[in-house]
Amino acid sequence: MARERRDSKAATFFCLAWALCLALPGFPQHVSGREDRVDWTQEKYSHRPTILNATCILQVTSQTNVNRMWQNDLHPILIERYPGSPGSYAVRQHIKHRLQGLQAGWLVEEDTFQSHTPYGYRTFSNIISTLNPLAKRHLVIACHYDSKYFPPQLDGKVFVGATDSAVPCAMMLELARSLDRQLSFLKQSSLPPKADLSLKLIFFDGEEAFVRWSPSDSLYGSRSLAQKMASTPHPPGARNTYQIQGIDLFVLLDLIGARNPVFPVYFLNTARWFGRLEAIEQNLYDLGLLNNYSSERQYFRSNLRRHPVEDDHIPFLRRGVPILHLIPSPFPRVWHTMEDNEENLDKPTIDNLSKILQVFVLEYLNLG
């Protein structure tokens, strides 16, 4: 009971402190004129973030802890976890358990389906975690949790896909944990526009090909879910709008965790959101909040353009969803090798990128 009282007092203090942050200079209120918009599916195109000031950036970044993330979230995921394997089940249970234990009260669902593969029919399970299912619009942060299948090796090694994509999974879980109070505050807000915009985390199964990448042997989870969301009415009872139209922005994380990543712009129609990541990176650097970081090795480079690469965003892109693809170019040197393991991860880089992503999410959700 004493613990519950302390938690209650801490939550009350947090809400007061966060409300004070909202009142400080540098936190513009939500964009005026939204009340005049009739078609909510178009609001994503005029949506503007609320820029966090230095005070709140310091508060937000103090809440995240890369060592705790490493122990509590990354280690349990750094196992062989190809679709249908015991490791896949264990990781799926871990992700659900971590999200279900948070104050914010996420709705955590498994989207299970069967699909034909080069090895016959296999069962796949996506994990969809929604902060507020009643909200019309959702910022989506996504990654895949499966690891690529490799036949048994003579030396007994297994592929654990540290950058591909254990680290993105752990970053998303840490985001949900470290921002738990802000997200609880958002969910409890009953006034527009906050009530109409929320957060969704998606962990895809079956991103990797079993044999060779092809339209039929890859992206099993995202192909299935995009099709399902394109045919599921949203909000419930709607006749002409569907879940996929409720995606404001689809942010996909992949191949993250190696040192000195470079993220280029893949889609010009979301370049303004990429620009926010670049600006947040600079702000955190100016505040001395990035570890082992050199401004000469900037992560996000809006002056660098690359052709899109195939990944879990493709089925959503084809249905008109705005995409922000956070995958480095070039890929990590350990990509699809047994060396994509914990030894070759760079903890300061992961910590820095986690901070940038968390600030970005708060700004997008107008929680600044």
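Any Cβ shown, glycine's included, is placed from N, Cα and C.
What Swiss-Prot says about this protein:
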ACT_SITE  E207  active site, proton acceptor
ACT_SITE  D254  active site, proton acceptor
BINDING   D164, E208, H336  Zn(2+) binding site
DISULFID  C143-C169  disulfide bond
CARBOHYD  N53  N-linked glycosylation site
CARBOHYD  N292  N-linked glycosylation site
CARBOHYD  N352  N-linked glycosylation site
SIGNAL    1-33  signal peptide
Work through the recorded positions one by one (E207, E208, D254, N292, N352) and name whichever has its CA nearest to the CA of C169 (disulfide bond).
D254
Taking Cα-Cα distance, which of the recorded positions D164, E207, E208, D254, H336 are within 10 Å of C143 (disulfide bond)?
D164, E207, D254
Once D164, E208, H336 are set aside, which residues in the chain still have Cβ within 8 Å of the Cβ centroid of the Zn(2+) site?
S147, K148, F159, G161, W335, D340
I'd like the Cβ neighbour count for C169 (disulfide bond), meaning other Cβ atoms within 10 Å of its Cβ, all protein chains included.
26
Going along the chain, which residues six or more apart from H336 (Zn(2+) binding site) have their CB under 8 A from its CB?
K148, F159, D164
I'd like the number of other C-beta atoms within 10 A of the C-beta of N352 (N-linked glycosylation site), please.
23
Can you figure out which of E207, E208, D254 (the recorded positions) comes closest in space to N53 (N-linked glycosylation site), comparing Cα atoms?
D254
So, in DSSP terms, is N352 (N-linked glycosylation site) helix, strand, or coil?
helix
Got a sec? Which of these recorded positions, D164, E207, has the most Cβ atoms within 10 Å?
D164
Alpha-carbon spacing, D254 (active site, proton acceptor) to E207 (active site, proton acceptor), which is rounded to whole Å:
11
Checking the recorded positions E207, E208, N292, which are within 10 Å of N352 (N-linked glycosylation site) at the Cα level?
N292
Which one, from the recorded positions N53, E208, D254, N292, has the smallest tally of other C-beta atoms lying within 10 Å of its C-beta?
N292
Tell me whether H336 (Zn(2+) binding site) sits in a helix, a strand or coil according to DSSP.
coil
What is the number of other Cβ atoms found within 10 Å of the Cβ of C143 (disulfide bond)?
27
State the three-class DSSP label for E207 (active site, proton acceptor), counting H, G and I as helix, E and B as strand, and everything else as coil.
coil
